[in-house]
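Student: This is the structure I want to talk about, given as structure tokens.
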């Protein structure tokens, strides 16, 4: 029997036989002596120990209870002994190669990670020694001689993109038998820690596939670039078949690549140690290869440190020259104190961590802003026809137009040019020591930000105040007692060829756009709303309210007065335009039109279906008498288009839902007077009943009192006040109904029914 002990070896708890531990200890000591004169000896020995601990862990995962003497000898044979490398140094190349082949063969027979030359594939098995669920991915990877991580990632991507990976995994789980398999993997997939932009995924794939790093980077970035470039074309010219291929690449393939990158980032470990970097490149892991890798890392770090030192030296020299010039001034003491405080702050570890976190957060925010600005700029470039034409109806004066151009080219364009430049340089691996280009981009973008802020403030001032003009439209009473509102489409003054710009009366989204159409010298808006209210008399009335904004109330009223929205009548038909035009000299200031049609009780009305195409708005009056216009429909009432209604005391009712006989008898006309009389009579009867109850209560209390009290005594025969006991008379003319208390039915159409606030 052999004694087994537990050791903590490179952060891993390893059960090992005592004799095997002594052998391992002697081997580690020999390595320390062998690399005693090497640069970076501690890093070399530490990486070798990490590799040995990893091999021990793989052995334990396969079911071994502890590490035996045979396991230690196998690891030593695979990694190589110092005396073997010393012998190779003094012997010929042939002997060295023979010894290397013997060591490699012994190592490959005992350990995974440096497998033999690929032969013919055997049967497919699920790997019982290396499994997470059932060993399917590990068995497939061993069969195809690839890293199990790659196979697992493929199944995860299939699961997220289509769900087929789950079904395939279940079939293989049931159909493929399980067996212990000796791994034949010589190359493993890692994320590169030396060649990375975001997470090192592309660098690791390039090392695993033996290709240049820019190839996987371009593959992952191509859908994103095509999506940004082709997005505006899809929006403006969606029916062009030419953009079908970029749409597929930026759509389904782009989402698949994005999910793949995220999965690789999470699932694939990063290569930190020398052994992991060797496995990533498929090189044999032994003492010499680990030593060479550590030396390469040290040389790379030394080169980077030297470059960084030169930059610091140049910066220090420039700072010293500035300091000497500054020292000649009278504020040298103040400068010395500030420089000392800055140096102490820069040397603090906590300040360094905060600075790194702030830099990462700042870069993330700037990246998101740059992407948003890129989309906005591309949309402006490819949609320049309507945008630039609409600019003439919005901006006024030299300064607003100048600020608009500066905003487009500096605020939107500079970040895009900077991002494309940075992306190309990162893909091609170009690094510059000079930062003048970044400073130039920063200054230009700051000018663009200031231009955008000034332009926004100037435009807001042009919309500061709101005012309206109310006009009563003279209409003749219809001979048949019914009014029909028709939106005309025959007037040649309102033929706007707007479909080429993506706007139009016949678009699928109908009233989504307030800008109905545009010509070279004017634009047409459909910001119109129709309200149906109850008339206070027996006649139809039409009120037109025109709204607008401006830099002050006077300007807003003048702009509102210029709105041309003519309403014509032909007997019982009111013809409404489908919009109103605005010329370049008038400017767009959110002009809107409200039509209020007052319908008398008992009269009928009907709305044309095209009324629903108005891009309606909501008007509210606040306590100070101001007007609040929004695009919501809260607390509004609707009627349905294409249906005939009759105005009743309770609001508009559909003719199809009412009794024809009651309509012919005119019951809906008399109902209002009858309801008023009934309500007044009920209130009078309730008041009389309450008075009688109070008199009975007083009479009972007085009867219980004594005659000698000298107090008040009730006399039943006392003459009562006649106006208190007489029943109340019903006065229909003394009461009115507030139509605000009546709930009106709702429908699905931008026409509101509002109760009349005057007496019925």
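Here, residue 1 is simply the first one shown, and the rest follow in order.
Yeah, the Cβs are placed from backbone N, Cα and C, and that goes for glycine too.
Quantities reported herein were computed from a predicted structural model and do not represent experimental measurements.
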Student: Which stretch does TrEMBL mark as region 'Disordered', out of 83-121, 122-160, 161-199?
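Tutor: Result: 83-121 is the stretch TrEMBL calls region 'Disordered'.
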Student: Which stretch does TrEMBL mark as transmembrane segment, out of 18-37, 38-57, 58-77, 218-237?
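Tutor: Going through 18-37, 38-57, 58-77, 218-237 one by one, TrEMBL flags 218-237 as transmembrane segment.
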Student: Report, as numbers and ranges, which residues of the same chain sit near the transmembrane segment (196-211): CB under 8 Å and 6 or more residues beyond its ends.
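Tutor: Same-chain residues near the transmembrane segment (196-211) but 6 or more away: 147, 187-190, 217, 220, 261, 264-265, 268, 270-271, 280-282, 426.
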Student: Across the whole of the domain 'Phage shock protein PspC N-terminal' (123-178), what does the mean pLDDT come to? Round it, please.
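Tutor: A mean pLDDT of 78 is what the predicted model shows over the domain 'Phage shock protein PspC N-terminal' (123-178).
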